[in-house]
């Protein structure tokens, strides 16, 4: 006994030490509790609802929570075990024949401590502490169980020692099990709820449930029951996985350090766990292999006549337990990697990027401006017109650029630069979509490095034992020869992946721009050109993707070839050295070397991912370190600017010669008064407002603005009429009104509480009553992104209403009158700006409507030349005569209005300018606070519908779609044949290895590789009598078969990739075609983010993953079938076990797929809102920050990030749930097979095959299930792409073909036109009829929402006629193709659309015109000035057809960007003012010179002087064109041939201006009278009438 006593003593002592260690926290807790009780502190109220950082329990979950049964079961078992240990200790002590009495007392000590732990569990009130004690109890029970098993094995080995106390040991073993299981089943807490949503159960369920992922079962069961899942069904993540917590925690730990250091500091615990799990999992993977080797060695000894020792059964149990443990370690390695590392990193980086974006400068300039400046040299200067005939080479120097061929290289360099430039806003979004994912992916997979290194150490150690150092060294010598090939291919593969990401980024830029400018593309009928442009990028992407596939195929070839060379050389050397080769050595060596080669092959890929992640880390770090918006504003009592110089924000610290700067500004805006800022287009008015709200970049000087109170002191939710206005808060209306995707009411309230009285006043004074009455759902009408379903005037007024409703005492307004009618503008001015809601607030207004606002203004600022030309109190400027001069300079023809204003100002002896113009009376509007009926009567319909989601399994039609686009099913038949042939050769090679081992007269024993590898499928034929041949014979055949396998294994995936790339190409073309030709209504109601998600994320899955997933699925299915067929030749029992396992695995897999499929769809849908919110917030960041709402939008973004993270979390939770259970099924199957082998006593050869079959089968079933799931999830991308590929598109057919020169005259006939935006919506045009003759100029006026813009949409057939018709030159436009119609007309829309690029690319995107034509168009719209005349009414000293433009500002001041056609235009043209964008669009139309031109408020944002010049240019340039002009300025169209007055989609009046103005109570006459420029308008009409009579006399 002494010989055996050391093991039980060590085991018992270790168990006691561990149990004491686990009991120590309980002793400390008891000590603290005694101290508290001595101080009179009682217990917490145990009856209140449970609450912690994650959430609060509900009454229902609190009632369901119970720990009584497991607690008392554990306590009862502990008492029984304690009593048995006491009895056993006493018996062994008094029995002199027993020598293990010390061990018995050690076990007694363990039970005593365990009983203390379990009693503490029973008496503890806090559930979380009870849970912790339960884990200590379970681990202590396991320690005692192991000690008792060791003691029992020693006792049982001595048959003379079987006495009563041995029975007591067995009782104790059972008691430890009954203690361990209930202790591990104690739930940690009741289910808690946060924000009305159930919190994830990871920290709710028991320890056993947590470590086996069983909490996923609740949602999987729900999915199986409902057949679908909604986002509300998913659990909310625990607090430490939520973006708000992660962002705050990470920001505190990063503290300005490098990003990678911050990541390590923030996640050191997860990194440590990953390392430990990786090492343990890698080592554990070899334990089943060693167990099988020892078990088969034992069976071999039995076959030689030796009795089977009892250790064989231990090997059987060890085999199963090692598989269970290895699979558990692997599952937790990946769970920690995905769910607790990758997910958290991606979430916190996304949150940090958005928070940083809200703090960054709002940079609107193009990137890399300083790099591009060198390209704009003399070659891109404005060409001068030579005297005399113009040589052809002057006009057409280059067929594409218009420049000298010697200069073309510069432009090509510029084009290359354009490809590399990512737009500011899109590049920021890419940080979330691309870079954050790259970093998180590497944080998941970095643990493969220690896993591989550990595997290599274990593999080499095992191989040294199996084949010796000589054979191993020989194999490694060959491996070293192959390694450079592997490294070379891997490096090229990594480089190609990097290039693929770059090409995808470029494709995304083009797609984003196309989708954002889709209206301009469709108006211009440029769908084909843009499809070709997108297709060019797509071809580059597919070309790169194909290179990646080819290199991937080469890697597969190397991976197959590697084990071949390693095993062939090593086994050959072993056979030469030892003279024989046993099957056990041969197949075990093959398995280990295959695993080692696989590890070495994956290492370069992980390293390459690490390099990619490093690049992304640097990009994100650069973004984090980018300059933030400086808080340059000094608190003050009023808004004062002292010697201030400001510019638009820029990330570059270098001087930019084209940067616009406002210099030397000294202004004193009076508090609670109206101040007016005016100046020419591009003079810096918006920049001055940006400086006031803190959105500019201060170069020098100072600015004082009242400081608003912090958010927590405002108490917005409790605001009432008495304290509504906070004098120091600011509201802002931007030059481009920012409207978010919400209802009109939500846009106006903007997070403030609803005050019906104030809200109704705002609606009335902002002239929104009629608009809301026309809208089907009133103010609950859902508004699309950027207010897409509102007219321009409505967007302005909703944005203005937001400012008026706000609590701000300072209103900063950028030209709110530019897009509204004259009478609406007057109502906004009188009722809102200077009415009850405006009085008492500081109002700073930018406007060109000086005549309207001047009389009531207290302060006036005139900008020009990059500085302040005039500024001061209005009365003072008037006395000095400045305003009169300014008015004359701005607009010569406005003298009458100036005189009217002069009279009013002169009469104000009491220094008050609060009277309106002479044709109105002074009034202060007071509104009734009663409710208005402005809400819809029924449930409002959402403009932007929720994203659709399929339910159930992916439909068979999706598979048909994929296979048909890949070339048809018949092309997949050869691929299937190659897969089957490959697996057949695998079987044949295994049979041949059996012959080889037989040739050495060794028992045929086949130990199949335990780690998954496609090299050999075990095959063993005991009856084979192999003829003896030389070693070279067997090596030659083995090498030949392996070489064939290498070729077939490579070829099968090559063909699969070929089919996949073809399918992807066709699917993309179908989607592009459909989206570009989709109806405008669909494009307006579908957020850009959703469409981009299809083009990017979904096609990334189709391109990169679907082919691989499909290939692996085919391989696994054929492998599974081949194993089942092979099993039939072994035993019927094997087949029974296989079928039983298959049924269980099928059930588990189907349960998994039901949930995983739905969650994947939810995850796909959850991506889009993040990018939509990101884009929307970045577009309106100035407005958001001015209203001090950044925190609210950050919180909203956090919710969206958490929604996506929650879906992603559940995907990987379900994956681990599946993997663990399938592996456990395989472990049970392996134990059963091993037990049958040991019990039945079958031969070693058959035993080896049976065991290898068991392991191979379970692995095959597992991977078949996984790959089927992967294919299903990847097919979800095909499903989503197919959804948008099959949307209804615009009718591309035509019944007649328009003549080539159509329209030749430009006659327009509209007859009884009825049209609407959608079939289910009421018509917006209701029986409209009018005729336009050749070359007539028609002005269209009407209140905002009257249907003016809808008319233009009908002319271009964006609205199809329900009744009536439109004829152009006698041809019904509904009968010709859309391309013929839209390409022959031209429109300048209300919202100017520009694309990033250059001035030239926006004027002439497809290089159809020379540079001289483009410069001429720019001069015609006065974006550049010329040395000669720009109109026929001005002298032309050069008498040339084209002039030499000169800068419109002195060289010493700001540079005119339009001097060069290669000047950069940023995304959306945001580096230009609104007026400059409109003028550039007008120049683009002048270049095309259409026969019918539609201008929809094309000059609303330009100053009066420029507007007059432009109107003159329009009249001259389009004398031979029919003009239809929608205008809010009556002066723009008052001299037109006819005026169409619209109201509610109907024609109210249509006649000449003189006829309409003479009508008593006429609508147009009323508009003239209320315009504020009545005298001037009537004079113009009389002049035009006189001209008409004069022309009539001449003709007579």
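Glycine is no exception: its Cβ is also placed from the backbone N, Cα and C atoms.
TrEMBL does not curate its annotations; it predicts them automatically.
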Looking at the ranges 1553-1574, 1575-1596, which is given as region 'Disordered' in TrEMBL?
1575-1596
Recorded stretch, among 429-612, 639-890, 1308-1569, maximising Cβ pairs under 8 Å relative to the domain 'ABC transmembrane type-1' (1020-1273):
429-612
Take the transmembrane segment (100-121) and find every residue of the same chain, 6 or more past its ends, with a Cβ under 8 Å from one of its Cβ atoms.
1, 5, 8-9, 12-13, 15-16, 19-20, 22-23, 26, 29-30, 71, 74-75, 78-79, 81-82, 85-86, 88-89, 92-93, 130, 133-134, 136-137, 140-141, 143-144, 147-148, 151, 154-155, 165, 172, 179, 183, 186
Taking only the residues in the domain 'ABC transporter' (639-890), give me the average pLDDT of this model.
84
Cβ pairs under 8 Å only, please: of the recorded stretches 133-156, 162-181, 258-277, which one is richest in them relative to the transmembrane segment (72-94)?
162-181
